[in-house]
Amino acid sequence: MEPEAFEICPYDPHHRIPLSRFQYHLASCRRKNPKKAKKMATCKYNACHVVPIKNLEEHEAVCVNRSAVEEEDTENPLKVSPPSSEQNDDTQQVSPCLPSPDIWNVDGANCQHVFVLKTFFPQKVVCENDTKESARETSPQKILRPGQ
C-alpha cells in the first residue's frame, strides 16, 4: 500500500495533513485563524489552493487546474442564470408543443416538442430539524415530576 501524500496547511505551516482530509482541515483552520484568513484568498480553479491575496492573480495565471476548468466551460456551453426578481411565478407557461413552421394552415399537426429545463432556486432553505426545534421552543413544555 502506497503512503498517502501530505499537504502543508497555509494557515499553520506546522500542520501536515493527508491530501484526502485537506479540504476539511482548511475549513477548520480558517475558522481558528481569522486574522490570517483575512490575508488569504482561495483560488477559483481549486478550493484547496489558498494563497496570500497579493499573490492570487499570479497563482491563478499559472494554476495547474486552470486548463481543466476552462476545458469544461468550452465543452458545456449551456449557461443557466437564476430568474430575475422582476419575474414572478405567475408568468405564462410556454406551450410544450410548437407547430412546425412549414405547416401553418393545420392546427396541431406535426407538433414538435420543446425541451424546457427548469431549475430550482430556493428563496429560503429550511432544514427539517430547524422547524422541529422552533416548534419545541414555542410550545409550552410539560414538567415531569417523579411519581406522575
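We count from 1, first residue shown onward.
Using N, Cα and C of the backbone, Cβ positions are placed for all residues, glycine too.
Summarising model confidence by region, the zinc finger (6-33) averages a pLDDT of 94. According to Swiss-Prot, the zinc finger annotation covers 6-33 (among others), on the basis of sequence analysis.
What Swiss-Prot records for Cys9, His15, His25, Cys29 is Zn(2+) 1 binding site, and it gives sequence analysis as the kind of evidence. The Cβ of His25 (Zn(2+) 1 binding site) has Cys9, His15, Ile17 as same-chain neighbours under 8 Å, each 6 or more residues away in sequence. DSSP assigns His25 (Zn(2+) 1 binding site) to a helical segment in the three-state reduction.
Annotation comment: Swiss-Prot describes 40-67 (among others) as zinc finger. Same-chain residues lying 6 or more positions outside the zinc finger (40-67) and placing a CB less than 8 Å from one of its CB atoms are 7, 10-11, 22-23, 26, 30.
Taking a C-beta cut-off of under 8 angstroms and a sequence separation of 6 or more, His59 (Zn(2+) 2 binding site) has the following same-chain neighbours: Cys43, His49, Val51. According to Swiss-Prot, the feature Zn(2+) 2 binding site maps to Cys43, His49, His59, Cys63, an assignment based on sequence analysis.
Annotation comment: Swiss-Prot describes 67-99 as region 'Disordered'.
Under the heading compositional bias 'Polar residues', Swiss-Prot lists 82-95.
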Protein Cβ atoms within 10 Å of His49 (Zn(2+) 2 binding site), excluding its own: 18
Alpha-carbon spacing, Cys29 (Zn(2+) 1 binding site) to Cys63 (Zn(2+) 2 binding site), which is rounded to whole Å: 23
Cβ within 8 Å of the mean position of the Cβ atoms of Cys43, His49, His59, Cys63: remaining residues of the chain near Zn(2+) 2: Lys44, Tyr45, Asn46, Val51, Leu56, Glu60, Asn65, Arg66
